[in-house]
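*Asks:* Pasting the feature list from Swiss-Prot:
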REGION    1-183  region 'Membrane-binding'
REGION    184-519  region 'Catalytic'
BINDING   210-241, 469-479  FAD binding site
DISULFID  Cys337-Cys340  disulfide bond
BINDING   349-379  NAD(+) binding site
Amino acid sequence: MVLEPQIKSQLNQYLQLMEGDVLLKVSAGNDKVSEDMLSLVDELASMSSRITVEKTNLERTPSFSVNRPGEDTGIVFAGIPLGHEFTSLVLALLQVSGRAPKAEQNVIDQIKNIEGEYHFESYISLSCQNCPDVVQALNLMSVLNPGISHTMIDGAAFKDEVESKDIMAVPTVYLNGESFTSGRMTVEEILAQLGSGPDASELADKDPFDVLVVGGGPAGASSAIYAARKGIRTGIVADRFGGQIMDTLSIENFISQKYTEGPKLAASLEEHVKEYDIDVMKLQRAKRLEKKDLIEIELENGAVLKSKSVILSTGARWRNVGVPGEQEFKNKGVAYCPHCDGPLFEGKDVAVIGGGNSGVEAAIDLAGIVNHVTVLEFMPELKADEVLQERLNSLPNVTVIKNAQTKEITGDDKVNGISYMDRDTEEVHHIELAGVFVQIGLVPNTDWLDGTLERNRFGEIVVDSHGATNVPGVFAAGDCTNSAYKQIIISMGSGATAALGAFDYLIRNTTPAESAAAK
């Protein structure tokens, strides 16, 4: 295996940042994956005098561990960490060499204070944009705490192991041999699940904000930055930074960037927010909003935050089909991310529910991996762009069924089929398959606001041209609102609008002394 010249050039620059020696212990067999893995580690060693290679026997073959001379860190890559995981490999080399990780000090302290033995195993696919966050978080924990170890396992290289554990979604994480979690997680979320997260009482003691942003997606980040630039006390509370774009692989319509990926854009947003004096409160969900002298936001952990104005940017989530079997077989054949989970269905039959752009794009993606794709569309015609439909219709292993109402997703311990009704004849049909990808759009994250402010029949928050809701001092932005179009760049613009609207509200509704301070 030879790295492409461009990648090798970039890698060479990163390897120059290594601060100490690194020993790669390699466990290889006679198979093609082992051969490619050996080529990769040998190439790494040829590029830096700080990297040496030693053959050994590890729990899995092919695999290699990343260590300091005389000290095992517990970091193991089972398979070849290329694709989206190449960054995970580079970071592991740098951090094991002694380069300080880019993590907040309180997070580092929490990791170091964990007591006990924790062995994590993360099952990933190299095409999964959600997996590197988990892999890099667990590697970081392994570097900082000798009681923690982590093995990344490429599902494509260890198919028998993946199938024996019925893993049908990535990333899936095991802890000490037992299922721990699945899906994207930050290091803060992992720490919280281990019971090592921040104390919720710290939030309740915070002074009131001038502007409190609820939600950390593009709209929320834009709102917080625009508010902070006005010199007013700004906070942002969010479950996770990045919002829905964290589940988006390819972004080609973000003006000024010909191409980027959701996780990269989310990281840039968070980095930009941290350039300002903004109180960022992650891993928190809002539970209740109440307008008093100040606006109160109660969090699910019981803490109450207070602010003179609030900007709601809670975004949207995948819409569920709402049929029997969907929840029962989630991550057991029911999936929402074709980029992440598609490789786990290689050579199998799957269905895609939804004939819009996202559904057709998913079907096109999956057609190159699986045996056959069936697209089920509720309406008489597909809603996807014509260019996508033309591409879809050119694929030999795709069947499109229109006027199809999904009735049930069937299975035993995992999905084995789907039933749908022909809306013309009302006849029910059943298709045997291994996976179902749900792609029927989004639903706004506004359930917690029921009865609090005006929402339309879709659950979207109704706002005016300034981003204001019908509750004085409460503004909203992004995909949770009645904005006509749901696009990243539009969400950012609406976030800026809401922040400026909130600032104008503060000027007109505070005492002269407070207004002068705000300026």
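Cβ coordinates come from backbone N, Cα and C, glycine included.
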*Asks:* Averaged over the region 'Catalytic' (184-519), what pLDDT does the prediction give?
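*Replies:* On average, pLDDT over the region 'Catalytic' (184-519) sits at 93.
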*Asks:* Which of the three DSSP-derived classes (helix, strand, coil) applies to Val373 (NAD(+) binding site)?
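*Replies:* Strand, per DSSP.
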*Asks:* Is it possible to get the count of other C-beta atoms within 10 angstroms of the C-beta of Ala228 (FAD binding site)?
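*Replies:* Excluding its own Cβ, the number within 10 Å is 23.
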*Asks:* Measuring CA to CA, name the entry from the binding-site residues Asn357, Asp365, Val373 that ends up nearest Gly473 (FAD binding site).
*Replies:* Asn357
*Asks:* Hey, of the binding-site residues listed (Ser222, Asn357), which one tops the CB count within 10 A?
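*Replies:* Sorting the candidates by Cβ neighbours within 10 Å, the top entry is Ser222.
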*Asks:* Whole-number Å distance between the CA of Arg240 (FAD binding site) and the CA of Glu361 (NAD(+) binding site)?
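*Replies:* It is 26 Å, counting Cα to Cα.
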*Asks:* Here the binding-site residues are Gly216, Gly473; which one has the lowest number of other Cβ atoms no more than 10 Å from its Cβ?
*Replies:* Gly473
*Asks:* How many other Cβ atoms sit within 10 Å of the Cβ of Arg240 (FAD binding site)?
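*Replies:* So the number of other Cβ atoms within 10 Å of Arg240 (FAD binding site) is 20.
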*Asks:* In sequence order, what residues of the same chain, 6+ apart, have a Cβ less than 8 Å from the Cβ of Val373 (NAD(+) binding site)?
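*Replies:* Those within reach of Val373 (NAD(+) binding site), by Cβ under 8 Å and sequence separation of 6 or more, are Asp349, Val350, Ala351, Val352, Ala363, Leu366, Ala367, Leu395, Asn397, Val398, Thr399.
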*Asks:* Can you give me the same-chain residues 6 or more apart in sequence from Ile353 (NAD(+) binding site) with a CB-CB distance under 8 Å?
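*Replies:* Correct list: Val321, Gly359, Leu376, Thr406, Val436, Phe437, Val438, Gln439, Ile440.
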*Asks:* Can you tell me how many other Cβ atoms are located within 10 Å of the Cβ belonging to Cys340 (disulfide bond)?
*Replies:* 24
